[in-house]
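Structure record follows, encoded as structure tokens.
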Amino acid sequence: IIGYSARLLKSNCFRTAASNTSFPAVWMLLAQYSGRVPGLFVVVKKNNFFTMPETVEDKANLELYLPHPEVRGMTRLNREAFKRTVVVPVLKVKKEIVNTLLKSLKHTVLQRPGLKRVVEDPEDEDSRLVILDPHKISEFSLGESDREVLKQLNVHPEVSKYNLELTYENFKSEEILRAVLPEGQEVTSGFSRVGHIAHLNLRDHQLPYRHLIGQVIIDKNPGITCVVNKTNIIDSTYRNFQMEVLAGESNLVTKVKENNITYELDFSKVYWNPRLSTEHGRIVELLKPSDVLFDVFAGIGPFAIPAAKKKCRVFANDLNPESYSWLLHNCKLNKVDNKIKAFNMDGRDFLLGPVREELSRELPLLKEEQKTSFHIVMNLPALAIEFLDVFQHFLAGEPCSAAGLPTVHCYGFSKHDDPAKDVRERAEASLGTSLDGRCSTYLVRNVAPNKEMLCISFQIPAEVLYKRPCPDGGKEPLGHLDFGLHLLLFQARPTLLALWTTPAVWQ
């Protein structure tokens, strides 16, 4: 990959395209080439969540971007303490040519959100003061090109000093936090937006300032009226977590919109992650009208509801009674309650009950020319792979056509150096068969340093899915009677397993 990328970067066609292109755009060019280059893989990451950047737009230690130094160590927000006056360069201009001047000197004029570029001239009501960017004006003196522009507009090139008052409203959130928290420590933190709620995962050193951080986020992000911090990991049976309200209202019932579909939920009682929006859309895109979707860990319906909107038949399940309740609510909200059969069961019981029953009824009736596909989504990355053993000898009778075999989309976490290989091997161990050449893995997102979330997709092999018929002696295959030996053989040598489970080898 590296070698090919290097040759690509050296090529004339690429240099021509990239010569006047920004760095992010160069990666977009690489991404375009990746589809045509075997083995070249480029991830173009799209953020579906809101962050406070690690650094301000310019590292220069200029007063214009620094709150008052006395705010350092503040734990209760005092907006008045951020007031300060700084000296900035200005040009005196007749008010009738202000707009022309702003266009002509757009690279020199101050471009700072929240700050006026033009202010009243206290000495002349017919003139205005245009504030210049102190980054661009060295020692309050204009460059030759700017002087030429002013000469054409008949404006005196003298740069004056102006006392500009800055307040809390003029500073960005990361600038405020950088000024408040201890110097040298990481001061910023990404947050997920869930409706009117901002969800934080603060570090230990940030906790003494948590209420101030929460209030700053509300002040600087229109529409956010509640900020919460996760206080434990997601380790409960129902995939929710404890949280503390840091600032704003305590109402955690909210409304979100994902892929043009509206959901309502109680964020304190159900699982919702806006970072999975793209993955929800990717799976739904694989479905065709008339396909059947079994959603084993459905939550409030981000797979199930858009699939039903696509005219698929949907069976959706979640163990959490709150998730089940909001699933029903969102089905009605989106007018698909008559297209989704909802269940409140353990995932394994759901697979062994409604899923097995439906597949047992539908697959024998499936004709070769029919294009209905069956998909089983298992989005419980901490545990889902452990559920795959349920598919061993899941159905009885003659195997259906290869095209009719259900496709599983199973999610898992991995801290392995090769996460795709790790997830595949764990899935193979649960199924008791090799998936080599019969599966695909997709990197969903990076969850934490050295921890990835992946999706492995595969059609359940017929030799796994179907219980073999017994010979006249009434004895079942050894592979079915002794799965422990079956798995040992697979781990030792997959070819031995294939031989062991042929119809000729019986107990």
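Yeah, the Cβs are placed from backbone N, Cα and C, and that goes for glycine too.
Over the domain 'SAM-dependent methyltransferase TRM5/TYW2-type' (191-462) the predicted model carries a mean pLDDT of 93. Annotation comment: TrEMBL describes 191-462 as domain 'SAM-dependent methyltransferase TRM5/TYW2-type'.
Summarising the annotation, TrEMBL assigns S-adenosyl-L-methionine binding site to His280, Asp318, Leu319, Asp346, Gly347, Asn379. Other C-beta atoms found within 10 angstroms of the C-beta of Leu319 (S-adenosyl-L-methionine binding site) number 20, with every protein chain shown included.
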For His280 (S-adenosyl-L-methionine binding site), which residues in the same chain are close in space, meaning a Cβ under 8 Å from its Cβ, but six or more apart along the sequence? Glu258, Asn259, Pro302, Phe303, Pro306
Across all protein chains in the structure, which of the binding-site residues Asp318, Asp346, Gly347, Asn379 has the highest Cβ count within 10 Å? Asp318
